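Encoded as structure tokens, the structure appears first; notes follow it.
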Amino acid sequence: MSTADLMRRWVIALLLAAAGVAAEDSCSRNEFQCRDGKCIASKWVCDGSPECPDGSDESPETCMSVTCQSNQFSCGGRVSRCIPDSWRCDGQVDCENDSDEQGCPPKTCSQDDFRCQDGKCISPQFVCDGDRDCLDGSDEAHCQATTCGPAHFRCNSSICIPSLWACDGDVDCVDGSDEWPQNCQGRDTASKGVSSPCSSLEFHCGSSECIHRSWVCDGEADCKDKSDEEHCAVATCRPDEFQCADGSCIHGSRQCDREHDCKDMSDELGCVNVTQCDGPNKFKCHSGECISLDKVCDSARDCQDWSDEPIKECKTNECLDNNGGCSHICKDLKIGSECLCPSGFRLVDLHRCEDIDECQEPDTCSQLCVNLEGSYKCECQAGFHMDPHTRVCKAVGSIGYLLFTNRHEVRKMTLDRSEYTSLLPNLKNVVALDTEVTNNRIYWSDLSQKKIYSALMDQAPNLSYDTIISEDLHAPDGLAVDWIHRNIYWTDSVPGSVSVADTKGVKRRTLFQEAGSRPRAIVVDPVHGFMYWTDWGTPAKIKKGGLNGVDIHSLVTENIQWPNGITLDLSSGRLYWVDSKLHSISSIDVNGGNRKTILEDENRLAHPFSLAIYEDKVYWTDVINEAIFSANRLTGSDVNLVAENLLSPEDIVLFHKVTQPRGVNWCETTALLPNGGCQYLCLPAPQIGPHSPKFTCACPDGMLLAKDMRSCLTEVDTVLTTQGTSAVRPVVTASATRPPKHSEDLSAPSTPRQPVDTPGLSTVASVTVSHQVQGDMAGRGNEEQPHGMRFLSIFFPIALVALLVLGAVLLWRNWRLKNINSINFDNPVYQKTTEDELHICRSQDGYTYPSRQMVSLEDDVA
């Protein structure tokens, strides 16, 4: 090979290598190339958090060239950032330079609203009503004495209520004066009472609540009027117990154990338990003393055992030898060395650093978390945008608002308090509510009326209400709406049940009922087919189950006493609940793991009742404080007062389109008949795995699913029929197409069945049931045949199959013999026997051998 050819090959190799390097350095269309050649996602450029090692993705030169879209606002300034237009002048600073809240026109109230001195707007109904609805109290500043109309009753506190509510056995005035004997003129109000009495294991508060009897005289008020702590003996601790500063008792072994067991933390005060020297500038001698770090290796003995003056270590820098054995950073100490790790890494085996997966920790990000080497990245779900100033995910679009119950009404308040009105006035005792955002509809339950209602939100003030459920309700404390499949779910604490119905209230079914259960609040996840509810029975718990009533189990059973409200943050996949006994807000993931206590506060969580999640905030109602509070849902910090001077605020929900994401209604989009082919209810099934059914059929109470898994039969009929036809579960998967195996009871009497007319069922469905009943009756008739006939019906098919197999074998043998070259002998005996054996007769049952004859040699010889 010549020198020129060799040089030419070297040039080609170098060009190919350069092209490969260039190809590796180039980034894809959706990526941004840092100055050092690293590629990052384009959406991370100029988001306020540097991802490039050299910081070039957040440099002023890069970000100043960013052009905002038409529906965005440019923050401008040194580093231009883009935010949604809807965040402009919303009362919250989103730009670093506050430019999104500068030059905003003053907010004006509508002609029908009252403007508070702080600029907020409230409904004129709230002015001079005895409650401070403006945070500055300006709505009650210049009010005259309250006068009630002729159709109203004046409470002792000057509040006006409808006359029909007075002396009805249900306390409506804050002071209870509407039920005082002197105001009722001796009328019997006990017979009119609508509140359910407490059980024998519960204590009836003077304020009408029911609490566990074990909570009476426990040193903590649980009743709203604190009647559970009246006339209690002074508590004294046993000799083996420690008395906390608040008077409560704990076991003596829990004092000074480095854990706070007393609520006031007094069990860890004044403890002397030194196991190491305090502060980084202290050195612990091997002999136990603590000396200043400056005295180490100063050629003077300060430790009794001279451990502060080791001759070899004091003059040696261990980091010079193989970096001290450290994988990243080595820090030389006066005695020895120490391995350190950069930010985003942790030290393992004292020498090696490994990346920390921050995304494994709950609530690292408000929504999505992307783990990177040495760091992590927070992202937002669809419908949200990362706030460049606060680094939290904010909803895009119109501002959200709170809907909450206020005893006799449902109120509506925007999050910036620019609007505060009464949405549903003149209610009796509303306790639970939920919404259907797409249809702009609200649902609520009334504890006194024992009914569930519904109304369009833009028509609600006109008293245009629809009664959804009006029968068989006792205490509907919890309510949730499946906005995808158009169903409602509610709890009833008296029978201890969870039920479901369509949003029209035509079809309903009880999904869960358990003695001793006291279900309270409920929340649904129709995207994945699950429901969750709190239960303050004995023992208290949080339960989870499918929206069709299957796979019900407990998620939380420990460190829980009085769980009230519960809510689900779909974006982060976490459940939040309040505990009125523990005065806390806690959260777990939807599988019951990664539990976290968000906030504990006996003052602002005196008696929390319900809560709602939106963006980075948690909102909750408190019936003792008669107020609504908010806090950071990740840290529990930044607690603020949202509304006060309310009348028994209980349920609260957040109304915004991002709280109810879209999903697929498989009951309407399948290839089956409408309603999934179900005769009655079509309920979503829990999506436990990739092969889980999408929905199941369900029947009303007192009826069971038939063998086709879609139509319904009365439970009475199934008892009269055979065990086989009645052993069908009331809720089954829609993917099942074969009826279950069943046994036959020969001794069961033959009883005719009639088609069942069920409310809400069509004529076609009734015909289906009748046809199936006839089929069952035909099957029943066969059971009465003699045992001999049954034996023949089983034996004959088996014999026929055996004959067919035998004939096939003979045909194969015949074919094989015909294709074999054989030698014929003249021996007549041999010839006769072989001819007989090869002679095959064909009968109507197939090929069979003829009866074999016995031939004697003596006969032939003769």
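Here the Cβ of each residue, glycine as well, is placed from N, Cα and C on the backbone.
Residue annotated by Swiss-Prot as N-linked glycosylation site (from the set Asn97, Asn156): Asn97. Only one of Cys667, Cys678, Cys841 is recorded by Swiss-Prot as the disulfide partner of Cys697: Cys678.
If you go by Swiss-Prot, Cys184 shares a disulfide bond with Cys167, out of Cys167, Cys173, Cys198. Which of Cys330, Cys339, Cys353 pairs with Cys341 is settled by Swiss-Prot: its disulfide partner is Cys353. Of the recorded residues, Asn97 (N-linked glycosylation site) and Cys75 (disulfide bond) place their C-alpha atoms 7 Å from one another. Residues 196, 432, 434, 436, 443, 445, 452, 454, 467-470, 473-480, 534-538, 543, 545, 547-549, 552, 563-568, 570, 575, 577, 590, 610, 651, 661, 663, 665, 680-681, 683-684, 686-687, 698-701, 759-760 of the same chain lie 6+ residues outside the repeat 'LDL-receptor class B 3' (486-528) yet bring a C-beta within less than 8 angstroms of a C-beta in it. If you check the disulfide-bonded residues Cys75, Cys89, Cys95, Cys277 against Cys82 (disulfide bond), the ones with a Cα inside 10 Å of its Cα are Cys75, Cys95. The disulfide-bonded residues recorded for this entry are Cys104, Cys134, Cys167, Cys277, Cys359, and the Cα of Cys134 lies nearest to that of Cys143 (disulfide bond). Of all the disulfide-bonded residues listed (Cys134, Cys160), Cys160 has the fewest other CB atoms within 10 A of its CB. When each of the disulfide-bonded residues Cys75, Cys285 is scored by how many other Cβ atoms sit within 10 Å of its Cβ, Cys285 comes out lowest.
Cβ crowding, taken as the number of other Cβ atoms within 10 Å, peaks at Cys682 among the disulfide-bonded residues Cys148, Cys682. Scoring each of the disulfide-bonded residues (Cys205, Cys667) by how many neighbouring Cβ atoms lie within 10 Å, the top position goes to Cys667. The disulfide-bonded residues close to Cys303 (disulfide bond), defined as a CA atom within 10 A of its CA, are Cys290 out of Cys116, Cys128, Cys134, Cys148, Cys290.
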